[in-house]
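These notes are about the structure you will find just below.
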């Protein structure tokens, strides 16, 4: 319904009318499945795939490289030539609550004084982008998409779900899409502002910044520019560097497509990170049978001590 | 050669870990301390999460102590009766200690309390021992075995009721101070994640007046059980014992301990005490400096339970 309204607004009228007629015809010919398709025909298709969907951490694991492949269909050839499309690929680790504490000097000693709790902090975060994030899109949008280490949200999972996207994805003019987003942004801001962020400069900021700084210095959070490249007009690849202490669990690889600074759509794929071989066996044993594991560790120690005595008998 | 440690979740060099174990094992064999107060800071310094370092350190201490205790058993320098009484007190102490450990960690003050305890105990014990052993060395430069025992001298400790005879230690004292000492050792072991040898050794020497040679064997005997209890408790409650890491440390540790025990036999009691005092003081001062000097990063990240995420 709204799709029809937008197509009338297109500047090249003749072409639009032809398109509308084609769309209507298509809609008539394939009654049930067509309407969504008809809308899609003027937009870019966007899919990604991972070089692997499972990373095994064995005894020799010292970090890994993850290649994310992607296809961009129905891209506007002119915009593509002008490099107006931008792609940002992230790999977000499993989310965990975290407490950040700050030491302050008290009676000459450095003691933990202040603390801040974050409910949902990614254990790792790797980002690759075609251009610096500041050039890809506006700050408000980065904040809303939780895009980039600086704008990474630590309290609630990233907002854009399929429902949020459909409004943005309408085959509308860019102005319309932008208006749509800024409206949503304003609403999102006022909502979250009422809930947790009453003031613009809130004290939680310095704790959030400290958390990001620490994780960045450990290599758990990293972002690189230029590591997403087009292999052909429709194919792109992104290289993500994963740290040696990559957390285990289900990670999510997510790619964001921007056209001239406007967020078009996203695609995501899960990535499982598991321990393999004897490491995974030991880890499972320790998790499932803690007491038994402890007793085994003690027996191993006693045996090693006794064996050492036998081998190195010096009296 | 790097190896991935399954519980610590980090990849580290095998030879560095075995070498660390050997160095601590040598000290452990030499002084009859489990070495927990050395291995734990060393592991943390090598990027291993503190909780894993504490629990795994306890596990490694078992191997070193057992190996050392076997050597002392052969020489007949373990007082099993004294060790058992200490253990009874120690068991009650470590139950309370582990409970306090969990509480303090949730409050985010565990590191502070552990550091303060280390500084106070290591500083105090190390200082007292150093002064005493130096005096003893000066006094007995030409004669004597450098023992603390001075016949006829009794402190208030020897006036308490419920006396018990400990033949090996040539001792006739009340069980109360022995049980209390065991309890304190267990309590500190639970909070600090150490076997408690560095407290047990000087306490037995100076409070109970046990001969230095018997003290070391008895302390090692006692540490085996304290460390075993800590390992099982930590494995059951916090899942922080890394057997792969512990095994590498043990491997070095048992080798080091044999040489340490041999070196210990060539030193006199007062020399041994002076060296241990210096070592204890050095660790205490190092930890004290850490509390006072402005940290590079005043912020830390943990899980809400206090574990390192």
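All positions are counted from 1 along the displayed chain.
Using the three backbone atoms N, Cα and C, a Cβ is placed for every residue, glycine included.
Computed from a predicted structure; not experimentally measured.
The feature transmembrane segment is assigned by TrEMBL to B:12-45, B:51-73, B:85-104, B:110-131, B:171-201, B:213-233, B:240-260, B:272-293.
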Proximity of the transmembrane segment (B:12-45) to the transmembrane segment (B:85-104), 3+ C-beta pairs under 8 angstroms: no
Tertiary contacts of the transmembrane segment (B:213-233), as residues 6+ beyond its ends and Cβ separation under 8 Å: 31-34, 36, 55, 58-59, 61-62, 65-66, 68-69, 72-73, 75, 77-80, 82-83, 86-87, 90-91, 94, 98, 168-169, 182, 185-186, 189-190, 193, 195-197, 200-201, 204-205, 241, 264, 269
In contact by Cβ distance (the transmembrane segment (B:110-131), the transmembrane segment (B:272-293); 3 or more pairs under 8 Å): yes
Contacting positions for the transmembrane segment (B:110-131) when only residues 6+ beyond its ends and CB under 8 Å are counted: 37, 50, 101, 104, 188, 191-193, 198-199, 202, 206, 273-274, 276-285, 287-288, 290-291, 306
Same-chain residues at least 6 beyond the ends of the transmembrane segment (B:240-260) whose Cβ lies under 8 Å from its Cβ atoms: 3, 5-8, 14, 17-31, 35, 39, 43, 48-49, 51-52, 54-60, 63-64, 67-68, 71, 231, 234
